[in-house]
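Quick look at what TrEMBL annotates:
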- 3-196: domain 'Poly(A) polymerase nucleotidyltransferase' (DOMAIN)
- 201-345: domain 'Poly(A) polymerase central' (DOMAIN)
- 348-403: domain 'Poly(A) polymerase RNA-binding' (DOMAIN)
- 406-482: domain 'Poly(A) polymerase RNA-binding' (DOMAIN)
- 488-523: region 'Disordered' (REGION)
- 490-502: compositional bias 'Polar residues' (COMPBIAS)
- 512-521: compositional bias 'Low complexity' (COMPBIAS)
Amino acid sequence: MLGVTSPINTASPKPIEIQRTKELEESLKQYGLFETDDELTHRMEVLGKINQLVKDWIKEVSLRKNLPLNVAESIGGKIFTFGSYRLGVHTKGADIDTLCVAPRHIYRSDFFTSFVELLKEQPEVQDLRAVEEAYVPVIKMKFDGIELDMLFARLELKAIPEDQTLRDVNLLKNLDPRCVRSLNGCRVTDEILNLVPCIESFRLSLRAIKLWAKRHGVYSNVLGYLGGVSWAMLVARTCQLYPNAAAATLVQKFFLVFSQWPWPNPVLLKQPEENKLGFVVWDPRINVADRFHLMPIITPAYPQQNSTFNVSSSTKEVMQDEFKQGLAITDDIMFGKAEWTKLFEPSNFFLKYRHFIVLQATASSKDHHLEWHGLVESKIRILINNLEKHPSIALAHINPESHCSSESEADTFQSLWFIGLQFAKTENLNVDLTSDIQSFTDTVMRQATQINLYKPGMKIEAKHVKRKELSRYLPSSILVKQKKAHNMPLFSNTPPENSLKTTPIPEFNEDSNNTSQQNQSVSDLAHTLDTKTPSVKMHNRSSMGVPDFVSSSVTSGLKRSLESSDLNSEIKRFHCENLNNITAGNNCQDSCVPFLEKYTSKPEESPKNFQISGLETKSVAGSNLNTSTQSRENFVKEFADTSMDSSNVNNGLNEVGGTTLHCLTVVFSSLKIY
């Protein structure tokens, strides 16, 4: 048995499901997800060159540390891969996640000094950046046209042989936390591959889910959605529940399972290992902070961690809504009523909301902007959390795609992020977001000064815009594309030109029991997971009309009748086993974690008779605003643009009216609803 529970269905795929899988693979090829043999060979050559560079560097450092020549030549060193490349689901142009493993006399300081200098001497290396202060220290570069992220780990071994593996947990003994975090990427990837019943079906279904997540704007760990490893673990869990299913069926069951998953129950692929080495692991029974994680997906390798700790209530709500829509679409695909291309149509973010906050990150050079962009993006989730706490805001939806400003000057580089706002259903509401915006900008500025990242010309601004004003920030091609997608019928009877034709599903009158097994109803799975269908409402989204029993077609509203199924007994057995595990005190991975908070659904209607004033700007460089004598009404409309001068470089602070403001553009927002 793979996983922590018995599978839901072990039926072999039917011919129609195999046909749908072939159609899925052909559809993915249309999006250019698969590399050619020459491109794969080029990646192997790049990894070979990097591996040799590591060996040469370790030998050189060993000689400088007075090791004998014969020892230095045999001491080894190795490059490991992880992430999408190791899983076998990387796409054209994707980067490669690598890990440099060195023996015990090689330190991280050597990696970020002498090895970086060695990389600078290589003609193939471009865009080299060393981020030693990161939570997981990394070297980023482009090597012979291939983007590489390289981590470092030092093992307590005299030498690193060619056949060295990383699965043995004893390798983590006496390692510092940063080395353990670096090693965990490889260890988690290897565990995932070992815990899925069919690797080929897993890879094809994961490719489809990752493409769907990117096209629907829910692929970004740093912004509070799910990253690549989290999506991989969700697909792997689906494979464990349906071990013999074809890839097309796995995609459908993925949406079925996780549109009904009783969050915050954790998703885990195996029983957690005993904490013999004393590292911090995810355990809500011990760690209070772990109890507040909204969508815990736990890595299978020791020390177990939650890969989705950045998820907020807004991003969770957005993803749950997308799961529901994905289920409705894949149901129609499996019934021959839609094509796979329908699943991969991009979402219409800019038509969902009437009001947006625009974040602008500006720098004076390309290199400075690259660093500034990364810092601002990594902190946006702080602003989202601040907005979610505001009683007047029902949802703060961040679009993970950043854009270039159409109004930026020639000598500036600018990135834009858009946050869609959905307000609670309240009349005559006054909304003041001053403290929320100020807290966010203060955090970004403080971080910039602490790590010496700030450069003259770096600014961060926030503005409120209405939907009709988006043309000032985005090219018409993006807005027109969004509008066309919004106005298209949900399912068209006429396939698009050059699109893949789907095979109609045949009738199985003589085999209704087996058909009902493969097309398990949502209510059955909800019973399996001992939960109710989540209630998720989104602003201005097309209503799916999905009650407890999900319709198989969104547009026609035809209800799929629930048939009596032999699978019911299998589901009941599955459910009872989970209950018995919990009752017996077993550490069942999918058992319930106590709810500390219940998040109720929020009204989707906008307030009546409301108007939001834009964010006004005012330069206060060198001026002093006396907030004690200035009325609150005027102060909240102030936009402080404090410039960096030579007197502020050391401490990075300006005193404005007794309030400490960091030396970048500080934004005060005043949003009012009348």
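Glycine is treated like the rest: Cβ placed from N, Cα and C.
Just so you know, TrEMBL annotations never went through curation; they're auto-generated.
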For this session: Kindly state the mean pLDDT of the domain 'Poly(A) polymerase nucleotidyltransferase' (3-196) in the predicted structure.
Result: 94
Seminar exercise, completed: For the domain 'Poly(A) polymerase RNA-binding' (348-403), the DSSP residue counts stand at 26 helix, 16 strand, 14 coil
Exercise. When DSSP states are grouped into helix, strand and coil, how many residues of the domain 'Poly(A) polymerase RNA-binding' (406-482) land in each?
Worked result: 30 helix, 21 strand, 26 coil
